[in-house]
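S.K.: Before anything else, here's the structure in question.
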Amino acid sequence: IPCCLMYLIAMLGNGTILLIVSANRRLHQPMYYFIAMLATTDLGLTLSTLPTVLPVFWFGTGEISFPVCLTQMFCIHAFSFVESSVFLAMVFDHYMAICYPLRYSSILTSARIAKIGLGMVCRSLTLLPLICLLTRLPFCRSHKLSHSYCLHQDIIRLACTDYTLNSLYGLTLVLFVTLDAVLITLSYTMIIKAVLGITSRAQQTKALNTCVSHFCAVVIFYVPLVGLSIIHRYGKNAAPFSNVLVANVYLFVPPALNSIVYSMKNKPIRKAFLRLLC
C-alpha cells in the first residue's frame, strides 16, 4: 500500500506539473522548462520500476527474464543520469538568474535549453557499453536479486567469473554523477556569495527562496543515492532489510516528493494548479 501511494503521488503530481507547464504560456520560461524536464524524468523512473515492483509486492511474482532485466536496468540508470544532469542545469539557471539577471534571457534561450536537453539524453547513452559488458558475463550462482527491480551493482554480484571491468566502468559512471554533485555544491557557494552581496534584506530573501525547492530536491535525490552506493560497496555485513529499504527510498521517494516540493514552494505553479482545479 505505501508503494502504491508513492506511485500514485509520483504519477499524478509529475503529470500535473507537465500539464500545467505546457498549458500555461506564462510558464514558458527556462526555469519551468527545467522543472518540466525533471517531472518527465521522475515519470520515467516511476514507470521503469512499476512493471516489477507491484507484481512482487502484491502478487509475489518474483521472476524476470534476463533481457527484460537488462532493459529495466538501463532505463533506471539512464533516467537517474538524466535527473542528475537536470539538477545541474537547474542550478546553472538559478546562478544566471541571481548573478547575471540582465544577461539571463539572452544566454538561456529556448534553442540553448533544447541543446542542453539533447546533451542530457546523449549523456545517458554512455550506459550502453554497460549492457554489452553484462551480456558477456556467465551467471551460474544464485539468480536471486536483492531488490524488486534490476540494478547493475546487484546483477554483477551473480556472475561466476571476474567482473572487474564491469565494476570499473560502473564506478566511472558513478564518478560522473559525483562530479554533478560537486559542481552543484560549487554553484551554490557562488550563489550564496552573490546573495550576501545584496544590500536589501528583502531581495536576499527573494533570491534564496528561488533556490529552496531545488535544494530540497537535490538533497532528496543524492542522499539515498550515496547511501545505496555505500551499502552496495561496503555493507556486505549489513542487514538485508537496510539494503532493501535504502534501495526503495532511492527510487520511490524522490519522484513522489519532487512534485510535492515544486507544487508547494513554487508560487506560479501553485497558482496555476489552483486555477486548474477551479
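Just so it is clear, glycine is given a Cβ too, placed from its N, Cα and C backbone atoms.
For reference, TrEMBL lists these features for the protein:
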DOMAIN    13-262  domain 'G-protein coupled receptors family 1 profile'
TRANSMEM  6-24  transmembrane segment
TRANSMEM  31-58  transmembrane segment
TRANSMEM  64-92  transmembrane segment
TRANSMEM  113-139  transmembrane segment
TRANSMEM  168-191  transmembrane segment
TRANSMEM  212-232  transmembrane segment
TRANSMEM  244-264  transmembrane segment
S.K.: State the residues, same chain only, that lie 6 or more residues beyond the ends of the transmembrane segment (212-232) and have a CB under 8 A from a CB inside it; answer 'none' if no residue qualifies.
M.R.: 38, 80, 83-84, 87, 90-91, 94, 153-154, 174, 177, 181, 184, 188, 238, 242-243, 246-247, 249-250, 253-254, 257-258, 261-262, 265-266
S.K.: Given a Cβ distance threshold of under 8 angstroms, which distant residues of the chain, six or more beyond its ends, lie next to the transmembrane segment (6-24)?
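M.R.: Counting only partners 6 or more residues beyond its ends, the transmembrane segment (6-24) has Cβ contacts under 8 Å with 32-33, 35-36, 39-40, 42-43, 46-47, 50, 54, 252-253, 255-256, 258-260, 262-263, 269, 272-273, 276.
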S.K.: Under 8 angstroms, Cβ to Cβ: which one of 113-139, 168-191, 244-264 has the largest number of such pairs with the transmembrane segment (31-58)?
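M.R.: Out of the listed stretches, 244-264 contacts the transmembrane segment (31-58) most.
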S.K.: For the transmembrane segment (244-264), find every same-chain residue at least 6 residues outside the stretch whose CB is under 8 Å from a CB in it, and list them.
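M.R.: Long-range Cβ neighbours of the transmembrane segment (244-264): 3, 6-7, 9-10, 12-14, 16-17, 35, 38-39, 42-43, 45-46, 49, 76, 83, 146-149, 151, 213, 216-217, 220-221, 224-225, 227-228, 231, 270, 273.
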S.K.: I'm checking region-level scores; what's the whole-number mean pLDDT for the domain 'G-protein coupled receptors family 1 profile' (13-262)?
M.R.: 84
